[in-house]
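When I checked Swiss-Prot for this same protein, it listed these features:
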{"type": "BINDING", "residues": "K32, G33, G34, V35, G36, K37, T38, T39, E245, N272", "note": "ATP binding site"}
{"type": "ACT_SITE", "residues": "D61", "note": "active site"}
{"type": "BINDING", "residues": "C283, C286", "note": "Zn(2+) binding site"}
Amino acid sequence: MSTALIDVDSMEPSLQSILDQKSLRWIFVGGKGGVGKTTTSCSLAIQLAKVRRSVLLISTDPAHNLSDAFSQKFGKEARLIDGFTNLSAMEIDPNGSMQDLLAGQGADEGGAAADGMAGMGGMMQDLAFAIPGIDEAMSFAEVLKQVKSLSYETIIFDTAPTGHTLRFLQFPSVLEKALAKVSQLSSQYGPLLNGFLGGQGQLPNGQSLPEMMEKLEQLRETISEVNTQFKDENLTTFVCVCIAEFLSLYETERMIQELASYNIDTHCIVVNQLLFPKKGSKCDHCDARRRMQKKYLDQIEELYDEFNVVKMPMLIEEVRGKEKLEKFSEMLVKPYVPPEADE
C-alpha cells in the first residue's frame with residue numbers, strides 16, 4: 001500500500017484550507033534551500049488567483065527564482081504575470097532597498113562626491129548594514145511601500161532559505177534597534193554632523209537628519225502594525241516546504257519551533273520530490289531511496305499529525321513556465337494518487 005494514501009481521520013493532505021480561509025492576507029512559503037520553495041509558492045499563488053480578487057507574489061530570496069519559474073523578467077516594481085489578470089509578482093533586492101533609503105531616489109552621486117558628501121553617505125550605509133538583520137528589514141520596508149500603494153487581497157512571500165527567513169521575521173525589533181542607534185548618534189553627534197554637513201544640514205540625498213528620522217519613525221509605525229497582523233492566525237500563515245530527508249526534516253522542525261516562538265501560525269507542510277516506484281520496478285536505487293523517504297515521511301506524519309501534510313511526487317522534468325506550474329499547482333489542492341493506487 002502506498003504511503004501517499006492518508007487515513008480518513010487525518011488532516012486533509014492538501015492546501016485547500018488556505019484557499020478556503022478568505023481572511024488570510026499574508027502567506028509565507030519557506031524551508032531549506034533546494035526543496036522547491038519557489039515552485040510551491042508560484043503554484044499556490046496560481047491557485048489563490050482563482051479564488052481571490054488580486055494576489056501579489058514576492059520573492060525576498062536574493063537568488064530571485066520567480067523570473068526563471070515563469071520565464072518572465074520581474075523587478076522591484078509589481079508586474080502582472082503573463083496570462084493572468086489578477087496575479088502580479090515582484091523581486092526585491094534587500095541591499096538595493098537600503099541604498100535607496102540612504103542615498104535617496106535620483107541622487108546625483110557624482111555631485112555628492114564633488115560636494116564632499118559621498119563619504120558621509122558611505123558612512124551612513126556602513127552604519128546601517130552593521131545592524132544585524134537590517135537587510136531583511138529593509139526588504140520588507142520595500143514590500144510595504146508597494147502594498148500600501150496597491151491594494152492586494154493576498155500577498156505571498158517566496159522567502160530566502162530557512163535562516164534568512166527567520167531573521168526576516170524579526171524585522172520589527174531590528175528596526176526598533178536601528179532607530180534607537182540613529183537617535184543616539186543624532187543626539188550625541190548632532191552638532192558635529194551639522195558642522196560637517198554645512199549650513200543647510202543636508203545629507204547626500206538632500207534630506208536633513210530630522211527628516212530622515214521622521215521617515216524612519218513612520219516606517220517603524222507601519223511595520224509595528226503589520227507585525228501585529230503577522231501574529232493573527234486569521235490574517236497570516238506560514239507554509240513549510242521540505243523533502244523527506246534528515247537535514248530537511250531537522251530544519252523544518254527548527255523553523256516550526258521558532259515560528260511558534262514568534263506566535264506565527266503554521267499548519268501546512270509540503271513534502272516535495274517523493275518517489276513512487278511503479279509496481280514491478282527493478283530499480284534498486286529507486287527502491288532504496290523510497291524506503292529512506294518512507295522512514296522520514298512516517299516521522300513527519302507522527303510529529304505533525306495536526307498539520308495538512310501535502311505529498312508531491314518527483315517529476316521527470318523541471319516545473320517551469322505557466323502551463324507546468326498550473327499542472328503542478330493542481331496537486332497542491334487535489335492530493336496526488338500514485339499509479340498503483342488506481343489498480
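Cβ from N, Cα, C; glycine included.
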Looking at ATP and its recorded binding residues K32, G33, G34, V35, G36, K37, T38, T39, E245, N272, figure out the farthest C-alpha pair and report it in angstrom, whole number.
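This binding site's residues have a maximal Cα-Cα distance of 19 Å.
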Which chain-mates of T38 (ATP binding site) that are at least 6 residues away have a CB under 8 A from its CB, listed by sequence?
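Listed in sequence order, they are S59, D61, N65, L66, D68, A69, D158.
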Work through the binding-site residues one by one (K32, G34, G36, E245) and name whichever has its CA nearest to the CA of C286 (Zn(2+) binding site).
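Result for C286 (Zn(2+) binding site): the nearest of the binding-site residues is E245.
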Just name the most isolated of the binding-site residues G34, G36, going by other Cβ atoms within 10 Å of its Cβ.
G34
Count the Cβ atoms, other than its own, that fall within 10 Å of the Cβ of C286 (Zn(2+) binding site), considering every protein chain shown.
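Here the count is 15.
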